[in-house]
Amino acid sequence: MPVDSLKSLGARSDSVGLEELELWPDAIWRLAALLRAGCSPAQACTHVAAYLVGLEQEERTEQKSGLLPIVGKLRLSARQQQGLEGARAQMAQLFETASAQAQKGLPLAGVYLKAAGQAELRESVRQGAARVAACWQVGERTGASLAQVFERLARYLETEIDLRQQRETALSGPRATGRILSWLPFVGLGLGILMGTDPLGVLLGSVPGALAGCLGLALAWCGNRWTARLIRRAEEGQ
């Protein structure tokens with residue numbers, strides 16, 4: 001996979017939860033630090049895998065003892081927590097496989113490229129594996145310092161996560177406004193009924209009322225689709 005594919009992978013990262021994306025910069029920073037300290041690729045991958053497994057065990061211990069912060073429980077839904085645990089386990093297995101490959105003296109890029117093409121892995125793991133594979137390829141083909149290459153990748157991923165967080169924060173207002181506007185017609189009907197008028201009778205009991213109701217529903221649908229399209233284009237950076 002060429003290094004230019006990093007940008008194309010970034011375009012798909014919005015489909016992945018932030019909690020899963022945040023696993024990769026931390027793991028890659030550790031990998032870079034271990035390589036810079038003189039560890040072999042096999043040792044570095046083993047340590048990163050052990051770190052990921054330790055995170056999983058630590059979280060389970062905190063859950064059993066009731067020490068897991070309440071904010072952490074509320075921040076993630078059950079589905080998000082399950083996805084995070086699955087991504088962490090798959091990442092640990094990936095680094096363990098890479099360590100075994102390195103101990104045999106074989107190139108590591110192939111391990112991560114293979115993982116990037118496995119549909120059963122989570123999207124965040126496939127994306128991260130493709131990016132790590134590109135870094136190994138750069139080191140294997142050019143002899144560049146792997147520590148520096150991985151450090152640059154970690155910085156890139158952190159910047160990507162920060163930009164997505166800022167984008168989601170900026171779009172939270174328009175999303176809320178769109179939801180409120182979509183409910184306004186029904187609120188208007190409810191207020192009309194509370195005031196003693198008969199808006200439903202007018203809409204359903206006469207041809208002009210029915211036409212006005214159909215026109216209102218069509219405009220509401222168009223407005224909802226238009227707002228959703230604007231938000232989607234903003235999310236895609238267009």
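Counting starts with 1 at the first residue shown.
Heads up, the Cβ atoms here are built off N, Cα and C, so glycines get one too.
The shown structure was predicted, so the numbers you read here are calculated from the model rather than taken from an experiment.
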Residues flagged as transmembrane segment in TrEMBL, choosing from 36-53, 144-161, 180-197: 180-197
For the domain 'Type II secretion system protein GspF' (82-190), residues assigned helix / strand / coil by DSSP: 95 helix, 0 strand, 14 coil
Considering every residue in the domain 'Type II secretion system protein GspF' (82-190), what is the mean pLDDT value? 90
